[in-house]
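Peer 1: First the structure, which I've put down as structure tokens, then a few questions once you've had a look.
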Amino acid sequence: MSADDGGIRAAQDKERARETPGHGHSCQEMLSESEGTVPLGEAWESPHIKMEPEEPHPEGVSQETRAEGARGWVPLSQGTKEKVCFLPGGALPAPQTPVLSREGRTRDRQMAAALLTAWSQMPVTFEDMALYLSREEWGRLDHTQQSFYREVLQKRSGLSLGFPFSRPFWASQVQGKGEAPGSSRQLGHEEEEKRGVVEVDKEELAASLGALGDAKSFKSRMGRAQGEAPRCGQRAASGQNSGPAKDDVQPCPVKEAQLESAPPDTDLPKTQEGHFPEQPREGGTAAPESSEEGLALDSEAGKKTYKCEQCGKAFSWHSHLVTHRRTHTGEKPYACTDCGKRFGRSSHLIQHQIIHTGEKPYTCPSCWKSFSHHSTLIQHQRIHTGEKPYVCDRCAKRFTRRSDLVTHQGTHTGAKPHKCPICGKCFTQSSALVTHQRTHTGVKPYPCPECGKCFSQRSNLIAHNRTHTGEKPYHCLDCGKSFSHSSHLTAHQRTHRGVRPYSCPLCGKSFSRRSNLHRHEKIHTAGPKALAMLMLGAAGTLAAPPPAPT
């Protein structure tokens, strides 16, 4: 007696058991009605329930395979035919199917029916799910069990019970191998259809899923279950095929399935996911494929076809060109809801809004200074490492920031494209122009949290905060004197080197600081009284002793 006949008999007995009174109760209630609760292991040992022995294993089967078969797990092999059984009545036979003896009493029949009901609610093996699960039993599983078994089926054999299969569909796919209608194979299918059994070959299953348009997901599942199959035109491993070398190239099963199953007027896609075209396109290389749609991209992808009409800069995407044009038109469609500042890009607005929240999640591990942006932290860390990745191509001077390099290159070209519309002053950077325009508007958006003084530039606020903290981070390497501003250190170092870069255009006198030059120029332009006051101030400065180094 085969496992299929035993499963059918169990299904028939289960249908008769449903007609008995009390079948609508749960498994626990049925067992409690018949002499109390019976453990599952003892129930299988009932004298009126006999276990059908398994078929003997063929010769050549390993001990590991036999052990897996004893546990109810049968490994699937490539090239074998698997049976998807839709049994009537929702029966769920296992490798060892309980078969009711004809002399069994009604009580034992009720117990067996209850056990069969409990069987459908118990965790079952992959053998049961893959080969003997009916549609009715599949519908009884909850969402978690369906997801679990669907994942198992996808990993093990590529089968999925989520597709609404129909007998004519499979019959049409199985047929077409050169067999005439009414052949012995078709008659065998009709006999198995009476029992609810449909026999499907794995290769035919691959072709059917490919015809359904699910070749992408099926290929990924079959690749995980049986190892990645060779791609189109790819040679198989030397140990997999013992035939001649000319037969090593394996055709693509998905492409063949599409050619066989598609109508004559259907335009098939040129490429499939994971299947590269055998002949490259124009240009010598195959075009890349889209991972989302499975369609080949345009051969022109990667080229910068969108060109700016004003500056000639080219872009690969039209959206990038639209964003770039805003640098010429000055359009800033993204406005900050807190301060009203506008930006040309939404990413710049997001970065700006962190200033209002005061959040500084990025901390330097060397000095523990915090920053609101990760890019600012990276630029700051170059101060500790001394890294200067940006090099001027004309004078080989290096910079830690790209913006500093752009500013420096303006000294070579002399180009100042950013012009102030009020006074006509030009600048090399747009940020410098924005800072300059605050001198006309009087806007000072950076207030000091200690004294409330406002500044037009953030750098001036940082320097001002040192007057409250007393911090002097700039040290002279010659005398050790410290300063709160880098400009003060630069002017001080000129006293050691004797450099006086500021000269008076009238008398030629030189000075080490620009402020001293401005004071000197008033001597030539001021009246006698102002000149006397300047001379007295200069004499007092010369008579005063130099400040002691700190």
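Each residue, glycine too, has its Cβ placed from N, Cα and C.
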Peer 1: Quick check on the annotations: Swiss-Prot lists zinc finger for one of 216-238, 239-261, 446-468. Which range is it?
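Peer 2: Checked against Swiss-Prot: zinc finger maps to 446-468.
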Peer 1: Can you dig out which of the ranges 86-108, 155-177, 362-384 Swiss-Prot describes as zinc finger?
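Peer 2: Within the set 86-108, 155-177, 362-384, Swiss-Prot attaches zinc finger to 362-384.
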Peer 1: What are the DSSP helix/strand/coil residue counts across the zinc finger (306-328)?
Peer 2: 11 helix, 4 strand, 8 coil
Peer 1: Is the zinc finger (306-328) packed against any residues at least 6 beyond its ends, judged by a Cβ distance under 8 Å, and which are they?
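Peer 2: That would be 344-345.
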Peer 1: Note the mean pLDDT of the zinc finger (362-384), expressed as a whole number.
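Peer 2: Its mean pLDDT is 90.
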Peer 1: Should anything in the same chain at least six residues away from the zinc finger (390-412) have a Cβ under 8 Å from its Cβ atoms, list it; otherwise answer none.
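Peer 2: For the zinc finger (390-412), the sequence-distant neighbours (Cβ-Cβ under 8 Å, at least 6 residues beyond its ends) are 379, 382-383, 428-429, 431-432.
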Peer 1: Under the DSSP assignment, what numbers of helix, strand and coil residues are found in the zinc finger (418-440)?
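Peer 2: Each residue of the zinc finger (418-440) counted once, the result is 11 helix, 4 strand, 8 coil.
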Peer 1: With Cβ-Cβ distances below 8 Å as the criterion, list the same-chain residues six or more beyond the ends of the zinc finger (334-356) that contact it, or say none.
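Peer 2: Contacts of the zinc finger (334-356) (Cβ under 8 Å, skipping residues fewer than 6 from its ends): 323, 326-327, 372-373, 445.
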